[in-house]
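These notes are about the structure you will find just below.
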Amino acid sequence: MATSSFNINELVASHGDKGLLATALVDKTAHEQLEEQLQHQRRGRKVYIRNVLGVKDSEVIRNRYGGKYDLHLTQQEFAPHGLAGALRLCETLDCLDSFPSSGLRQDLVLDFGGSWVTHYLRGHNVHCCSPCLGIRDKMRHAERLMNMRKIILNDPQQFDGRQPDFCTQPAADCKVQAHFAISIHGGYDMGFRGLCEAMNAHGTTILKGTMMFDGAMMFDDQGVIPELNCQWRKIRSAFSETEDVTPLVGKLNSTVFSRVRKFKTMVAFDFINESTMSYVHDWENIKSFLTDQTYSYRGMTYGIERCVIHAGIMTYKIIGVPGMCPPELIRHCIWFPSIKDYVGLKIPASQDLVEWKTVRILTSTLRETEEIAMRCYNDKKAWMEQFKVILGVLSAKSSTIVINGMSMQSGERIDINDYHYIGFAILLHTKMKYEQLGKMYDMWNASSISKWFAALTRPLRVFFSSVVHALFPTLRPREEKEFLIKLSTFVTFNEECSFDGGEEWDVISSAAYVATQAVTDGKILAAQKAEKLAEKLAQPVSEVSDSPETSSQTPDDTADVCGREREVSELDSLSAQTRSPITRVAERATAMLEYAAYEKQLHDTTVSNLKRIWNMAGGDDKRNSLEGNLKFVFDTYFTVDPMVNIHFSTGRWMRPVPEGIVYSVGYNERGLGPKSDGELYIVNSECVICNSESLSTVTRSLQAPTGTISQVDGVAGCGKTTAIKSIFEPSTDMIVTANKKSAQDVRMALFKSSDSKEACTFVRTADSVLLNECPTVSRVLVDEVVLLHFGQLCAVMSKLKAVRAICFGDSEQIAFSSRDASFDMRFSKIIPDETSDADTTFRSPQDVVPLVRLMATKALPKGTHSKYTKWVSQSKVKRSVTSRAIASVTLVDLDSSRFYITMTQADKASLISRAKEMNLPKTFWNERIKTVHESQGISEDHVTLVRLKSTKCDLFKQFSYCLVALTRHKVTFRYEYCGVLNGDLIAECVARA
């Protein structure tokens, strides 16, 4: 830090505050401080608080989060317990800021009991576990559905293609894996140990959470959290207002005591002067966050750290560590600042003076009352007179007084039910003290022994007194009754933490792994940022791109340790092969495990989504019935999935089923599976073909193949299908394709039929091979292999017992991509043993070659090697590409001789609707209108690419999708588009050609 070259004290002394140098210094300092504040506001995240907050509430939230966020208190609407709601939003953002926010799957964050709609609307990379534990939870879910629908309708383009990521299962039952988690006021129903067990089930390492906190809960039966305007009270059960009067000792050591209590002790949180629903939670769960420190469970040890306690909210974090933990003494304290000015006084609780209870009274009030009571005590007076004196003083010290016309509270008002007993207890305490002092005085002067004792020197008196007290302990004076109790301002807990299970945790290796993984992920993020920056600079209008609708994760050399170990442990054979010294066998086994886990997660997600919809509509796991709010619920879900529907027991559907769609399974109280016409069940888009669970089971039952995998990586139209046709041998080969359309095309090319027995025997999809009986072959010919997961390809080879796989595909076209954004995909890319390239196309016309080269230059990162930079065409067609702008779908020239391609399902649906309006045959809009993804591998003479919207669509920026769209034709290609789309790769290249 730089220092000034002059002395400030001398400067002020010589020139005063009017001096030129002093003024300049003050101006400079003020300018620097103002600049720092402006920079903070620019950097800080803007957080809008809509709740109306008072002056004190505003100061509370600004003191807590004003330094971290740029808070905007808009004062828009009154809300129940507004400060608590505002703090909850800031707490959520604060806890999320503790973890990486890259958006990558490996940085997914779990939220136990949080609001899924908050994360959905803000675009957080979060999966919420939001169980329906009662009517309150269902009400919250219904309200979130309404809020989601309202916001989506106002800005549908922002949420196009996105779906909320949450489940309605308890946290311990959800199977989504993630390293990080948050719990914003979600631990009340789980307790410290319940949170640890949920973390273990999810493979979570670090959890950060918040909860309402008052240390006085360890002592009192009721209290107030003043900042939150919240009153808490212990009740015997959720349905009884009987107070828990357990003594303090029992409360601090209630592990054994709680086992013999008939009812659980609950804590009710009520917000003062607000007629809203309160919260009732188990005291044992709340207490665990105050008393517990560590918990060992299934090879992991979890420890809690209490980070910040502010405004009645405690922020804590739970960290899990694997392996052995040597014994260590863990010590922590809970402080009771609210009772530091109080003293405990025992008062009668029964007329026979057998039962007593302890009440709190201000130390100053008791001290002054007792002082006057001692000075005014006279054993000659009747006890009633002295009792009145004490009551008068006690009343004066705890009532409202008027001084110079101003009313003031003197002391603290005493409960009317305890007022008389407090005065009576002080009277008994005063009388007992006088009697004790009198006895002591009489004993001192009663005999010659006392006089002899008094004549001794002080050392002899001390020695003699110690000997007598040691030999005759019963001679010690002792009090028959103790009235005053000193209230401790803190409680200390000592716990010995140790765990002997598991192996020693290799922290050094873990650090190296995390560093390597972070570098790889950081490079991916840096490349994405650079690409977005380049797009932004290239466009006249600034536009920030969302993540692509479908993306292929970059494989890493090392699997995710947390997720992999959990899956590998379920299958010994593949687990053993992942540790094989033969590298390719280990890679294939790991890929098969990943593919099986991926298909299983797809199935679980489908079940979870359907169960969530079923529960939202009022269904449960016991009865086959739904409630009356069906239209509201299904209208909301229909905005994100047009295939959502209800089949009633009468046989009718709530919405018309799209033509050609047949649902193979449905969901009701009996779960997901085939349903009859007389059943009530619900469906969504995943119920048309639902074979993920079967694919996962079959894959796990196989072993990694040891045969050779060869890949022919050729450009579009290089003759891959022709090559398959020329080398196919029926006696030894089987042809496998990625999808049904490709299988039909290959069957027509080889057998001139798409449904003959011979064609269906030798040409099958990968799913068909895994799910059905099939003969063993020695060689597999795979078409469009890039659309397969590497684990699925290995499973097909293993199922067919093939010793060789010859795979054809284009690595730069659309590759396999995960349909579940929450799954950490790392082994999807094909790893061949042999690779050969083909850079000559026989399909694409001459003018397509420079267009694709230009697209590769613009879209691919610098330094990327692409075979399309040197590809050549043998086509005789020299000019084929044209484009034209259209105003709407009605101007699209629908011709049965052309093949129509769209980037999105929405544009495809619009074209199909237009074809139906024009009464075109069903075969036309079933076979001649496809999306780019569905068109991969297709070859047509005349192709038209249609874009009907000018709203943001990242698919037009991706090289792989644009490449497929531009290389399907042999003779002509026409691009028809509505409006100008920023970043449209095809339009830019066609315009420059």
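Glycine residues also receive a Cβ, built from the backbone N, Cα and C atoms like all the rest.
Features as listed in Swiss-Prot:
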- G714, V715, A716, G717, C718, G719, K720, T721: ATP binding site (BINDING)
- 542-556: compositional bias 'Polar residues' (COMPBIAS)
- 72-290: domain 'Alphavirus-like MT' (DOMAIN)
- 687-838: domain '(+)RNA virus helicase ATP-binding' (DOMAIN)
- 839-993: domain '(+)RNA virus helicase C-terminal' (DOMAIN)
- 51-409: region 'Methyltransferase' (REGION)
- 538-561: region 'Disordered' (REGION)
- 712-975: region 'ATP-dependent helicase' (REGION)
Around the ATP site (G714, V715, A716, G717, C718, G719, K720, T721), what further same-chain residues have their C-beta within 8 angstroms of the site's C-beta centre?
F808, D810, A838, T841, F842, R843
What residue among the binding-site residues G714, G717 has the most other CB atoms lying within 10 A of its CB?
G717
Take the Cβ of C718 (ATP binding site) and count every other Cβ within 10 Å, whichever protein chain it belongs to.
24
Does anything in the same chain, at least 6 positions from T721 (ATP binding site), have a Cβ under 8 Å from its Cβ, and if so what?
D745, V746, A749, D783, F808, G937
On a simple 10 Å Cβ count over all chains shown, which one of the binding-site residues V715, A716 is most densely packed?
V715
Name, in the order they occur in the sequence, the residues of the same chain whose CB lies under 8 A from the CB of K720 (ATP binding site) and which sit 6 or more residues away.
V712, G714, D783, F808, G809, A838
So if I measure Cβ to Cβ from G719 (ATP binding site) and keep only same-chain residues at least 6 apart in sequence, which ones fall under 8 Å?
A838, F842
